[in-house]
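Notes follow once the structure below has been shown.
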Amino acid sequence: MSSTAHSSPPRRNSATNVMALSSSHSSDSIGEEKQKLLMDSAAEPPNKSPNSAISANGLKVLILLAVQNCSKNLLLRFVMKEHPKFLTSAAVLGVETVKLVLSLLYIAFVEKKPLSSAVEFIQQDKRNTILMAVPATLYSIQMTLEYIALSNLDASVFSVLVQTKLLATAGCAVLILRRSIKKVQLISLVLLTVGVMLCNMKDDKSSGKQDAEMDTTKGIIATLSIAACSGFASVYTEKVIKAKRKINDDLPKSQTEPSKKEQYGLAYTQVQLAFVSLVIMGLYCMTVELDVIIEKGLWHGFNGPAFVSIFVSAIGGLIVAAVLKFADAVLKGYATAISVVLTGVMSMLLFGTHLNILYFLGIGNVISAVMLYSATDLDKLLC
């Protein structure tokens with residue numbers, strides 16, 4: 001969301017980038033915000049011209065973001081369709097473990113640095129490690145809620161409903177950051193609300209085919225909770241970034257010169273996030289689910305597709321975090337729109353989901369809202 005008219009250009013750009021994060025997958029938004037925080041608020045990249053054509057790299061990013069988001073939703077729905085009885089916390093631990101291992105392998109074989117450098121990075125960046133405990137916790141909660149939501153909702157409905165993260169992010173920005181909303185953004189939020197309501201309206205034909213074990217209300221609550229966590233995490237992280245920038249601006253130049261830790265790449269930030277998430281989820285398992293784990297084992301109830309979903313979620317999150325630096329707000333809006341349509345169509349083909357005319361009307365509203373929310377130069381003429 002943009003800031004007020006009297007804000008300086010850097011502040012406006014930062015706000016726009018943060019709000020645009022909510023148009024991509026929730027875990028991706030936290031990953032990108034965390035990368036910015038761990039770079040100690042380094043200079044922002046040059047703005048991309050919204051009127052320029054999409055480059056070859058931009059097109060690859062667009063396709064990758066759309067396909068990754070769509071495939072993850074469909075795979076999780078396939079895994080959860082039969083309501084397996086495994087621990088969702090174990091799945092989160094599996095995802096973070098795979099991320100940690102892959103990131104360490106990247107450091108060792110691609111960057112050709114010793115694994116001890118990752119430990120040094122965490123030790124040098126203790127303050128940020130502690131600060132990121134909040135978004136890391138919210139990230140773990142979101143992944144847990146995804147399993148709950150997709151066991152009770154069709155992937156097509158989930159992909160639309162989760163876009164309410166725009167509403168959550170806007171609300172948190174207004175309440176926490178005292179941000180003001182543009183008129184065009186308010187219109188987009190109204191369109192989003194109407195679109196989500198249309199997509200969730202079922203006719204008699206679709207209601208009759210619904211899985212008897214599905215609890216739609218539970219799925220909707222879980223999805224809205226994902227959106228709320230995503231919105232709060234984005235705004236919280238931006239607030240931390242702005243606080244650090246203010247501190248750095250007040251320090252002498254000699255104290256804010258690039259330090260050794262700024263030479264670390266994205267793989268180190270992924271190691272740090274995975275480490276914090278593993279600690280948090282490990283404590284949760286030990287305090288809440290220890291008896292079940294001792295009795296049945298940590299991986300009780302997991303099957304082949306469930307393990308595949310863990311790997312896909314982990315590798316997909318790493319890939320998207322790596323390519324997000326090539327995607328501006330408009331590009332991510334396009335990717336979200338394409339993924340919503342792809343998920344709906346593939347859900348109909350793979351799972352026999354009945355999509356009525358109201359769903360497609362709702363998709364049109366949601367896509368328009370996402371694109372309108374991140375649009376720029378709306379006052380320019382088309383011809």
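For all residues, glycine too, the Cβ spot is worked out from N, Cα and C.
Caution: TrEMBL annotation is automatic and unverified by curators.
What TrEMBL records for 1-21 is compositional bias 'Polar residues'.
The region 'Disordered' annotation in TrEMBL covers 1-50.
What TrEMBL lists as transmembrane segment is 86-109 (among others).
Residues or ranges marked as transmembrane segment in TrEMBL: 130-150 (among others).
TrEMBL lists 156-177 (among others) with the feature transmembrane segment.
Positions annotated as transmembrane segment by TrEMBL: 184-200 (among others). Here the transmembrane segment (184-200) has Cβ contacts under 8 Å with residues 1-2, 156-157, 160-161, 163-164, 166-167, 170, 220, 358-359, 361-366, 368-370, 372-373, 375, 378 of the same chain, all six or more residues outside its ends.
The transmembrane segment annotation in TrEMBL covers 220-237 (among others).
If you look up TrEMBL, you'll see 273-294 (among others) marked as transmembrane segment. Distant neighbours of the transmembrane segment (273-294): 30-31, 34, 87, 89-90, 92-93, 96-97, 99-100, 103, 122, 129, 132-133, 136-137, 139-140, 300; these residues of the same chain sit at least 6 beyond its ends, with a Cβ under 8 Å from one of its Cβ atoms.
Per TrEMBL, the feature transmembrane segment maps to 306-327 (among others).
Sequence annotations record features per position, and here TrEMBL assigns transmembrane segment to 334-351 (among others).
What TrEMBL lists as transmembrane segment is 357-375 (among others).
Of the two recorded stretches, the transmembrane segment (334-351) does not lie close to the transmembrane segment (220-237), with fewer than three CB pairs under 8 Å once pairs fewer than 6 apart in sequence are set aside. Between the transmembrane segment (220-237) and the transmembrane segment (156-177) there are 3 or more Cβ pairs closer than 8 Å, counting only residues 6 or more apart in sequence, so the two stretches are in contact. Of the candidate ranges 86-109, 130-150, 357-375, 357-375 contributes the most Cβ pairs within a distance under 8 Å of the transmembrane segment (156-177).
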